[in-house]
Structures are given as C-alpha cells and as structure tokens.
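Heads up: the structure comes next, in structure tokens.
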C-alpha cells in the first residue's frame, strides 16, 4: 500500500501553502479539502477551489486522487472563492423580495402614487389578476426551493447575492409600478387576450414545476452526479424529447404570457432579458450534457425545439 503526498500551492503566487504527507490514494477531493481546512480554518471547504492547473476548472468533491493524472506526489492549486452562502438561502432571499415589493405598488402605498383618492384602486380587473399571477409565480418558486430543488453545488459567492437581488427586486418594482399605475391601460383585445394569457401562464407554470420535480428525482438518493434527464409519464416532461432545458422553456413561456396579459412594455423588456439569460444557461447545460455523455440525444436543442 503506497501513500501519496499532496502539495497545495497558491494559484496566483505559486507559494506552497501546505504539504500533506501519507494521503491515501483513494482519498477524495472532499477529504483533501477537509485536511486543508484543519490547517487553515478560515478557508472552509465551500470556500475552496482546488485545481490541477492554476487556470483550469475546479475539481469535484467526488473525484479520487489516484484517478487524477498525478504521480505519488500531487501538486494541486488553491483559490479562495470568498465568503459563501447556501443556495437555498440565496433563493429564499431572491424570491421573497419580489413577492412583497409587488404588494407595495398593488396596495397603492401613499408614498408610491400619492394621496389622491383616484390613486387608491384600479378600475381594471386585469390588475388584480396580474397580482395573483405574479404572487403565484414567486410563491411556487419559494415552495420549490424548500421542497423540490436539489442543488449540485451547495453554495454561491456571497457577493453575487447583491447582484441577483438588484435584478429580481429591481425589476419587480419596475413592473409593479407600471402595472398598478393609475394611468395603466388594459390589453387591447380585452378578455380574449387576458383569458388566453392566463391559460398559457398556468400551463407554463405547471410545465416548469413538472420539469423541476423530474430533475429533482434524478438526485433523490443524494447523488450529485450528472445524469441524462428523460421524459416521464407526465406529458409536461415530454418536452425533454426536443430540448435539454425545458424548465427554461416553460419559464420564458410564463413571462411571455404575463407580457400578453398585462400588455406592459417593462414586462416585455424583462421577458427579453430573461430569455437571453436563460438561453446562455441552457447552452452551457447542453454543452455539459454533450461533453459528459457520448450517447446524449443528438436531436435535442438547448431551449427552443428545432431552433435554438
């Protein structure tokens, strides 16, 4: 039985931070993180990025030392990721904000539109419906965060939460301001347009939830290993036949329907930005699937069937 030696260097200065002697060759990167943490308590495992190359990708926790392209003495590089926060906490903060911010405008708080009696309520029923749909969307997200989602990565950098909250909270305030504004005008085609949008909204929300449950089932045993998602008996999951990330497809559909329902320009801009961002995420995920699995279905597209 031959022990390994692990040398950990700073990724920028190449200065040696520690030298671990008599490391078992079947030790995982997670175990090496814990050994490093004992020597440097301020760098807890979630804050560590351990790499084979200073400019390479971080090694996964489950990777085994003897399976890496290293000899009996392995040289690894450490990068400090900064303070971290759990994904569940991040999502709860991001999604709770829009839920309550929207209500400030819906209930016509005096500091928003003024004290004029004309500004205390809206004559358009679609304004009430929009509030119900917006609230339903974020309540669903909060429920999914607590009971459905299983995260492959436990944390994200604390600094990112400020950027994310500015995005979600800021847009929620902007949308709510115009939808609940006293001068808001309802959709051009009246009830037909609103009813069509509501049906589309509910179908997309159901589809998004179904995909999240299907993805969660892939990690039901606590595994963090990437697996190919396939359609189930649930018809909403059949979109997996055509795209790699149908959860994003349904999410974009939700905001398109909300745009049609409210016929509000800021909502349309928000929908466009959502589509651009989710397309980037979908392409990255699609490339990961293609890289990880040689038998990955070749006919799937990242987010839009047959197109994109």
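The backbone N, Cα and C atoms fix where each Cβ goes, glycine too.
Annotated by TrEMBL as transmembrane segment, the relevant range among 62-84, 85-107, 108-130 is 85-107. TrEMBL assigns the feature transmembrane segment to residues 235-250, out of the candidate ranges 219-234, 235-250. Between the transmembrane segment (166-184) and the transmembrane segment (85-107), three or more CB pairs separated by 6 or more residues in sequence fall under 8 Å, so the two stretches touch. Across the domain 'TECR-like N-terminal' (5-80), the prediction's mean pLDDT works out to 91. Contact check: the transmembrane segment (235-250) against the transmembrane segment (196-215) gives at least three Cβ pairs closer than 8 Å, residues 6 or more apart, which meets the contact criterion.
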